[in-house]
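Sequence annotations record features per position, and here Swiss-Prot assigns S-adenosyl-L-methionine binding site to GLY69, PHE74, VAL119, GLU120, ARG134.
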Amino acid sequence: MNCLEKITNEYGQKTASRLEQFVKLIEEENKKINLTSFEGQRLWQEGIYESIKCLEPFVKSNDSLLDIGAGVGFPSVPFLIVNPEVKLTIIESNKKRVLFLEKVKKDLNLSFEIFNGRVENFNKEIHFDFITARALAPLNILMELTINLGSILPKPTNYIFVKGANYLSELNEAQNAIKILKLKVFDLKKIDVFFDKNIFMIHYIKTANVSKEYPRAWDKIIKKPIR
């Protein structure tokens, strides 16, 4: 059974057809500009199916979700196609990818917001139930970069980041960031998919407001990450 057949069995023909339309848009645009290295079955497996399964244990209908550096829309757009009632916002700094996401939004008649800019310049005071990112940066950098995007009240924002087989080493390197940024790790969840790859979700919240010096400017975060 290929990935499309598996998706059809799990989510129905209508949803599978919309995901197929999304994949075709990616493939067409990838011929013009390099949007993603995923193609063929890898696009379906790692781009589409894995994205859905990573978010599925956490995000429910009507939850608000912020996806940082989504690129062509992974992991949030495939999940939105399956769960159209999710309130999605995407931050993407690459203008070509933003234009592609706008085309996806129009052609598939999806409802989501796109912010074209860097995450540190996103200063809208909006509560998000969940914040996610995939393949954007090491965990200690992600933690600082996104510290001001999450809320404590009226309920804590859940940070859920997609990581690979080296998730434990990233988590160990982030221990000082966890202390300084007053975070609490809730869960390390292994995502089981039908192909041979280890995917883990690191789930945490922030427990208190932190010093105004955080997050630092991007160049300082990169040059001297919290360790």
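Using the three backbone atoms N, Cα and C, a Cβ is placed for every residue, glycine included.
For the S-adenosyl-L-methionine site, whose binding residues are given in the record as GLY69, PHE74, VAL119, GLU120, ARG134, the maximum C-alpha distance rounds to 20 Å. Note on ARG134 (S-adenosyl-L-methionine binding site): other Cβ atoms within 10 Å of its Cβ, all shown chains, come to 23. Mapped onto three states, the DSSP output places PHE74 (S-adenosyl-L-methionine binding site) in coil.
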